[in-house]
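Found this in TrEMBL, in case it helps:
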REGION    1-41  region 'Disordered'
DOMAIN    28-416  domain 'Catalase core'
BINDING   Arg72, Arg112, Phe161, Arg358, Tyr362, Arg369  heme binding site
ACT_SITE  His75  active site
ACT_SITE  Asn148  active site
Amino acid sequence: MAKGNQPENEKTKKLKPHLADATGEQMTTDHGVRINDDQNSLKAGERGATLLEDFILREKITHFDHERIPERIVHARGSGAHGVFKLYKSLGDVTKANFLNDTETETPVFVRFSTVAGSRGSTDLARDVRGFAVKFYTQEGNFDLVGNNMPVFFIQDAMKFPDLVHAVKPEPDNEMPQAASAHDTFWDFISLMPESAHMIMWAMSDRAIPRSLRMMEGFGVHTFRFINEKGEGCFVKFHWKPLLGVHSVAWDEAQNISGKDPDFHRRDLWEAIESGAFPEWELGVQIVPEADEFKFEFDLLDPTKLIPEELVPVQRVGKMTLNRNPDNFFAETEQVAFHVGHIVPGIDFSNDPLMQGRLFSYTDTQLIRLGGPNFHEIPINRPVVPVHNNQRDGYMRQTINRGKTSYGPNSLGHNDPQQVKAADGGFTSYQERIDAKKVRARSKSFFDHFSQANLFFNSQSQPEKNHITDALSFELGKVKTVAIRERMLGILKLIDQKLAGDVAFALGLKVPEKPERPINHSIPADGKPEDYDSLIVKSSLKSSSALSMANTIKDTIKTRKIAFLAADGVNGATLNAVKKALTAEGAVVEVIAPKLGELTAADGTKIPVDQSFLTAASVLYDAVYVPGGDKSVAAIAAEANAVHFLNEAFKHCKAIAADQDAKAVLDATYFGSAKQPGLVIGDAKKLIDEFIVAIAQHRVWEREKPRQVPA
Ligand code: HDD
C-alpha cells in the first residue's frame, strides 16, 4: 500500500482492509453479481423503451444520485494528508498524555487544511482564515487539535458563531460573493462587534493569503489544560511552526491565482508529498502554571487574545511530518470528522466560552453531515486502539457486537466492557472547583478589545502594514453601505490612528471625530452599555517579533517553483547549470517556451519543455530566470506573454534573474535592466549564488515602495 517513498504506519496498516484496487478485478453489482454489460440499459428491443426491471441501471444511477453529502457549513473547502508525529522531549512533568511522554513512538496523524467561508469547490486563494486540524491517532485514543493558522478568533462566545458565519457567507438573497468577506453583511457584523478587532488585523494581514499550506503556522487558539500523573494542572497554548517558514503571496497575485489555478494550495501540497518533499512542522507549547492564571493584562480564557512569545516562550517539543497523500479524497479528506472534544488523558479543556460551545457543535454537525451516530466507524475516523462500549445500532452500523449485554452493570456478560481505573489510564476530568451563580454574562476581563489589535499592527514591518491598509481599503471598498464603512473607520481609529487615516483616504471618507458606539450584544437587554473608553487599554508590550512574517525563516529555496523562459537557440549549458544548482537546493524548475514539446538549444541539444506560455502564468511560480542565447532572447523579448510574465513577477516582488546576454528581454519589460533589489543579472556562478539568496528572501516587498506598477 505504501506509494513510492510514502511510508506505512499503524494507522495506514489499519486502513489496509478497507482499500479497494481496480486492478484485474471483475465488475460486479453491489450485491456481488458479475456484470456482463454496464454500458447498455435493458430495453424492449434495440430501439425500445428501457425496462424498469433493469436492476443494474437502477443501482448505478441510484448510487450516483446519492454521491454527495452535505458539505461542511464552514471549512467546506479542504485538503488532507497523512503523516506522523514524533516527540523530541518528554512533557511528563506537565502532562500524562502518553504521546507527549514517549519519545520513541511515532504517532500517526491525519491533517486537514481548509478555508472557512467558501463552498467545497471554491478557490484556495480566498482572503480567509485557514483551518489547521490535526487528528493524532494515539495509543490512548484520538486527540484532535482543531486549530487555525491564526492564534485568535473573531468572537469570545460560541453563542455568536452562527451570526459570524451567516454574516461572512454569501448574502442570502443573491448568494454572492463566494469565498469572500468583502461584502456588506460581514463588515456590518464586524463593525458592531468590537471584540473582533484583533482577529480582523490578522485576517486583513498577509497571513490570510498563504503562499502554501506548508508555509503556515498553526494554533490551537484556546488555552487548554495539561494534567500530569499527580493530577496537577497547568495551562497550555498549542502552536505549529512550519520548517519552511511562514510566507504569503500578494493580494493581486492571490486574485490571479484564483483564476489560473483555483486548486493552487491543494496541488502544491499534493505535489510536494508525491515528490518526497514532505512538509514539516514543529509542535510548540506555551506553558502557564496555574499560579500565573491572573498575571497577564488579558484573560487567558479570552480567545481573542494571544500570549506574546516574549512573555511565555514557545517550547518546540516535537515534529509532524506529512508523508502520504490520501488514497481517496472522499473516503478520507471529506469523511474525516474532527472534534475539539476528542481529547486524551492528560489534556483537558479550559473555561474559554468559545471552546465550551464548540464541544457541542462538532458531534452535532457530524450527525447530519455523515448521516448518523456511527461516523466514528468510518475508516479514517477509527482510532488505532480498539473501541468497546455499550453504544449500539443506528444508521450504517458496521461493528457486529456479539453477546446479549449492551448495558452496564451486567452480570450476564462478566460486566464487560469494564471501566478503567485512572491509575490504569482511564480518563478523568481535571477537578476544578466551581462555585458560582448561573449567569448569562461576560467577564469584564474580556472587555479590552484593542490593545492586542494595536500590538499586532505595531509588530508588523512597513510592507506588512501597507498590505493591511490595502486589504482594509479593498474590503471596505466593496462594501456598499457608507455607514458601515464609517463605523469601521471608528473601530480602526481605536486600533491605530494612521491606519484609520490611510483607509479613510482610500475610501474618500474622513475618520469620524466621535466614532459611533458599536452595539455590543454581549450586554443583556436590561444591562448598561459598556463604557467605551475604558476598553482602550494599551499593552505594556509595544511590539512582538513573532507576529511579523518579516522575521521568519529565509534561508531555504526548498520546493520553490522557478520558471525558466526559453525558446529555440537557448544557451543550453547555462540553462542546465542553473537548473542543476537550483534543483540541488531542493527547488523545482520548469522550462516555459512558446510551445510544448522540446527546445533545440544553440548547441543542438534537446531540452524538454514543461509548460507553454498558454498553460503557465507567473503567479504560479516563485521566481523567474531568463537564460541567454541570441535566438532565444530575441524570441522571448518579442513574445508578449513572456514580457507580461516578467512584468507580473516583478510587480509581485519576485526574484528575477537573467544571463548577461539576455538583457534585451529585461529591456522589453517596464522595469528594465537597471540594478535593483531582487533583480540578478550576471554569469554562471555569481548569478546562481545571488539568485538563490534572492529566492530564499521569498519576496522583495521593498520593491512595492513606489507602488505604481502595471500588469
Ligand atoms: Fe470550528 C469545523 C476550527 C470555532 C463549529 N472548525 C472546523 C474546522 C476547523 C475549525 C479547522 C474544520 C475541521 C475539518 O477540517 O474537518 N473552529 C475552529 C477554530 C475555532 C472554531 C480554531 C475557534 C477557536 N467552530 C467554532 C465554533 C463553532 C464551530 C465556536 C460552533 C459553535 N467548526 C464548527 C462546525 C464544523 C467546524 C460547524 C464544520 C464542519 C465540522 O465542524 O466538522 O461544527
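Just so you know, glycine gets a Cβ as well, placed from its N, Cα and C.
Looking at the shown structure, what environment does each listed feature sit in?
For Tyr362 (heme binding site), the same-chain residues 6+ apart in sequence whose C-beta sits under 8 angstroms from its C-beta are Val146, Ala337, Phe338, His339, Val340, Gly341.
The Cβ of His75 (active site) lies under 8 Å from the Cβ of Arg112, Ser114, Thr115, Val116, Gly131, Ala133, each of which sits 6+ residues away along the same chain. In the three-state DSSP scheme, His75 (active site) falls into the coil class.
Annotation for Asn148 (active site): spatial neighbours Val129, Arg130, Gly131, Phe132, Gly218, Phe219, Val221, criterion Cβ-Cβ under 8 Å with sequence separation of six or more.
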Should Arg112 (heme binding site) be counted as helix, strand, or coil on the basis of DSSP?
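Looking at the DSSP assignment, Arg112 (heme binding site) belongs to a strand.
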Six or more residues out from either end of the region 'Disordered' (1-41), which same-chain residues have a Cβ under 8 Å from its Cβ atoms?
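Result: 50-51, 54-57, 59-60, 63, 82, 84, 106, 108, 110, 137, 273-274, 276, 323-325, 327, 331, 379-380, 382, 384.
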May I ask which residues of the same chain, at least 6 positions away in sequence, place their Cβ under 8 angstroms from the Cβ of Phe161 (heme binding site)?
Ile155, Leu354, Gly357, Ser361
Taking 10 A as the limit, how many CB atoms besides its own sit near the CB of Arg369 (heme binding site)?
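Its Cβ has 16 other Cβ atoms within 10 Å.
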What is the maximum Cα to Cα distance, in Å and rounded to a whole number, among the residues Arg72, Arg112, Phe161, Arg358, Tyr362, Arg369 annotated as binding heme?
21
Give the sequence-ordered list of residues that share a chain with Arg358 (heme binding site), lie 6 or more positions from it, and have CB atoms under 8 Å from its CB.
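Looking at Cβ-Cβ distances below 8 Å from Arg358 (heme binding site), excluding near sequence neighbours, one finds Val146, Ala158, Val340, Gly341.
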